[in-house]
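A.B. asks: The following block contains the structure, expressed as structure tokens.
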Amino acid sequence: MNTKFAHGIRGLAVAGTMAFALTAPSIAAAQSEQFIPLLVYRTGSFAPLGIPWANGKLDYLKMINERDGGINGVKMVYEECETAYNTDRGVECYERLKTKGGGGSLFDTQSTGITYAVMDKAPLDKVPVMTMGYGRSDSADGSVFPWSFPLLGTYWTASDIIVQDIAKKMGGVDKLKGKKLALVYHDSPYGKEPITALQALARKHGFELMLLPVIAPGVEQKSTWLQIRQQRPEYVILWAAGIMTPTSIREAQATGFPREKIYGIWWAGSESDVRDLGATAKGYNAIAIQGSADYGKAHDDILKYVYDKNQGSADSRAEVGTVAHTRGMMIQMLTVEAIRTAQEKYGKGKAVTPEQVRWGLENLDISQARLDELGFGNLMRPVKTSCADHMGSSWARIITWNGDKYETTSDWYEADMSVIDPLVKAGADKYAKEKGITPRDCSKE
Amino acid sequence: MFYRENGQFKASYVEDLRIFKVTQDRVAVLALVAIAVLLVPMLASDYLLRAVLIPFLILSLAAIGLNILVGYCGQISLGTGAFMAVGAYAAWNIGVRIPEVPLLVQILLGGLCATAVGVVFGIPSLRLRGLYLAVSTLAAQFFLDWAFLRIPALTNHSASGSVSVGTLSFFGLPLESAWQKYLFCLGFVVVFAVIAKNLVRTTTGRQWMAIRDMDIAAGVIGIRPAYAKLTAFAVSSFIVGVSGALWGFMHLGAWEPLAFSLDRSFQLLFMIIIGGLGSIVGSFFGAAFIVLLPIVLTNVPALFGLPLSVDTAVHLEHIIFGSLIVIFLIAEPHGLARLWSIGREKLRLWPFPY
């Protein structure tokens, strides 16, 4: 080999290293930004729910950047990617944003279909997936699903809480025996997810469960409600989304089924679902994720630091405080707190990697005092996650539409984990077997 | 100048029957395949492979399958998405129930199941034509969508009706990273494209085209319509089924019937109409157009730093996409493949057109 040439190469390499050493601090400075990918659906048939949800997520990030200057000085940067609730597009968004800006901190996919597609890719890419109040219910088992976080509750805990409230209205759990409850659901993985839990509850409490699927998008429900009129279930549990929700309520009115006896899941419990119906929907119940229908100090901060400076994501201030917008805020608050937790372990004031965010999500401990401090004191109950429990808490309240707005009409409920836990365990075990995963031993971590 | 075939004589039947008769074409195609096999996996980013090239390859394969049925045999089908679903679910079921079956065999068996279903739903084509046939294949779409949603056995009693595949391997080699999956899909596409190209030049292929051009005349000269139509359905569904299995296994990893909905059928139909009916290369053009255009349209405003909100970008994308389709169909009803062949003719004469 030509020695001169070799020298030249070495010289270049040395120069390169020096140049790198000189520029390194500026790179580090540039990296003191935390990148947060935002998957949203502002178009498509679910957009009425997707828009305020996405705005809530954006507004909270803007507020933290404005009020606190980021997390311990680390500013948050973000990019939205439109999925239109379409799995293909969601996967494309995930692939595009997962490595951007030092790694997408965590993905909140906003869709059951995208969650299922992404949660198998996430462990390979080492990116956490947070699915607050949706996604795959058995992913609450962190030993099998280390990268998935269905925080604050799943469809299974929601099913249990709805049944608890129904039992309370009927005058006790024993009154459920021999009674009939109907599940009217969107015929998709989203709508089918609660069936497992409701069937387990039906066995436990001795009620009969009617399953009534509605073909997506759910504008054709005449036969469904005719069946309800014939079979006369005591209560209807509504697992609807988008246009399906108002259609169901209208059909209930047409067939004379009392709206007071309908319980919607949280995605069917936003203002956009019932506002146009007004008094027709009066009495319609829905479960809220934690206390997402209430108004807290966090809302004031958003108005003060974001909307008063004309930085708001929504067209009007009135959107702040609506159920869907508040949910967006809650998701982002959990994201921010997870990053903060990760920073406490891996270095305050430094951007953390997605892998470190995962640790933060798994060691989240938000006490009531901390919630009060964050302005979520009346919106949420404390959350504490662990290796085994990726859900953190399952508190929820029931809200009721009074013809004009939602009112919180129940006390706090917590899901009966003696029913849910065995289901989670069974589902997670089946998944581990199918995928050849060896579950982590959580007692050692 | 460079694209001249002067002096390239065909001295034997074998040479006359070549797919690429011009030496330059052969070199170009071989170079393209070599680049796709060697350079692309090394140079392309993870995003490019996973989000652009793999879907492009798989949908090209599906478009080839559909083109055989619609472009070559003239039988309009709106059930492509459903046949893809059959391939995907069948391959998945085989894998779940008999884990010993290797992946390659799983996918091919998935294709065979799609063939069987395709032939069954092709039977009405013996009596129905045109729009009426389209409606009867629509029945396939709705029926199969329904079946995968409502028959628990088909999803192995999965609670949510969504299925997902485990870790994949190809005869001991892992299929995990983007380039491994890409090469796996590329292998399928190259093999099936060559098979399809050759198939349309055989007796069977010529029978399909005769049926497409005028089925009565074809019958008069001794072509059995039943045989020709059903073989077209069989071959088409096989390729479409394989592509469906690849879509589920390689691209999505976990899916629900929505991934193979009517939208997918329309998308594939648009691909072959834009790409060029009755053209194998047109299937690739159409797939590239439909897969790449939305991605380009969403990324272009960001490249120029335009502060476009995501929803506006999506609405713009719909507008541009729609108008491009209309313009294309008016300006060149034979699709991109026709533009390609016009370009080649022009290139032959360049720089001295006479």
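Every residue gets a Cβ built from N, Cα and C, even glycine.
Positions annotated as transmembrane segment by TrEMBL: B:27-45, B:51-69, B:76-95, B:101-123, B:130-149, B:179-196, B:233-254, B:266-293, B:313-331.
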A.B. asks: What parts of the chain pack near the transmembrane segment (B:130-149), using Cβ distances under 8 Å and only residues at least 6 beyond its ends?
C.D. replies: 75-79, 81-83, 85-86, 89, 117, 121, 124, 155, 161, 257, 260-262, 265
A.B. asks: Given a Cβ distance threshold of under 8 angstroms, which distant residues of the chain, six or more beyond its ends, lie next to the transmembrane segment (B:179-196)?
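C.D. replies: Apart from its flanks, the transmembrane segment (B:179-196) reaches 19, 33, 36-37, 40-42, 44, 49-50, 53-54, 57-58, 60-61, 64-65, 68, 107, 170, 173, 235, 239, 242-243, 246, 250, 280.
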A.B. asks: I'd like to know if the transmembrane segment (B:101-123) touches the transmembrane segment (B:51-69) in this structure, counting it as a touch only when three or more C-beta pairs sit under 8 Å and are separated by 6 or more positions.
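C.D. replies: Result for the transmembrane segment (B:51-69) with the transmembrane segment (B:101-123) is no.
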A.B. asks: Could you check whether the transmembrane segment (B:266-293) packs against the transmembrane segment (B:313-331) - three or more CB pairs closer than 8 Å, residues at least 6 apart in sequence?
C.D. replies: yes
A.B. asks: Excluding the flanking five residues on each side, which residues at least 6 beyond the ends of the transmembrane segment (B:313-331) place their CB within less than 8 Å of a CB in that stretch?
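C.D. replies: Same-chain contacts beyond the ends: 270, 273-274, 293-294, 297-298, 301.
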A.B. asks: So, does the transmembrane segment (B:101-123) come close enough to the transmembrane segment (B:76-95) to give 3+ Cβ pairs below 8 Å, pairs being at least 6 apart in sequence?
C.D. replies: yes
A.B. asks: Can you work out which residues elsewhere in the same chain, 6+ from the ends of the transmembrane segment (B:233-254), have a Cβ less than 8 Å from its Cβ atoms?
C.D. replies: 54-55, 58-59, 61-62, 64-66, 68-69, 73, 75, 77, 80, 83-92, 103, 106-108, 110-115, 117-119, 121-122, 125, 162-165, 168, 175, 181, 184-185, 188, 192, 196, 199, 260
A.B. asks: State the residues, same chain only, that lie 6 or more residues beyond the ends of the transmembrane segment (B:101-123) and have a CB under 8 A from a CB inside it; answer 'none' if no residue qualifies.
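C.D. replies: Answer is 75, 79, 82-84, 86-92, 94-95, 136-137, 139-140, 144, 168-171, 175, 188, 229-230, 232-242, 244-246, 249.
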